[in-house]
């Protein structure tokens, strides 16, 4: 009984995080029902991207709420991966380490967004980059929501299953690669017409930032 009590106690903060995610998604669905319906169908319909009623921006409230949910979900997945694999030694309280990951993830994405906006202004390709950023974040929000039930199964069903957490992160990583590949394949002329800048962008803003996040988390 003591072991069960300790296990439950250690999951309390994760339960709070999961409840916050569910409440946030429920509120977003209720507040923006039409947008949420279009968003949930992006895999089979482009209406979410083409609707004339929607301003393509990741700064509107609907996109912001989904981005917050994405950050909470992915950060929890990263935390659980580290916890199960001992990939990094957790030196402080687990919930504090989770907050550290969450802050690092959000700062990383926020910094990337600002840099991409600056690049758009400097090279006068703001509209192109706005479409790209909106497309990318929309799909990443959807992927995070789709794979979130795996966290519920992992935390409350098989809390020591390294296999499940590897599935969670593998789906997330492969989905992110697929998102980029789909966009680039739909814009082949643009990519191959500026292949040097494309490779430079890919390395600078799609690979290096995550290496920096890893370094920051491990050193801290």
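These residue numbers are counts, starting from 1, taken along the chain as shown.
Cβ coordinates are placed from backbone N, Cα and C, and glycine is handled just like the others.
Annotation source TrEMBL lists transmembrane segment at 12-28, 58-83, 95-116, 137-157, 163-183, 195-217.
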Closest-packing stretch to the transmembrane segment (58-83), where packing means Cβ pairs under 8 Å, from 12-28, 137-157, 163-183:
137-157
Give the nonlocal contacts of the transmembrane segment (163-183) in its own chain as ranges (CB under 8 Å, at least six residues past its ends).
74, 77-78, 80-81, 84-85, 132, 135-136, 139-140, 143-144, 147, 150-151, 153-154, 206
Who are the long-range neighbours of the transmembrane segment (12-28) in its own chain, taking Cβ under 8 Å and residues 6 or more past its ends?
36, 62, 65-66, 68-69, 72-73, 76, 94-95, 98, 145, 148, 151-152, 155
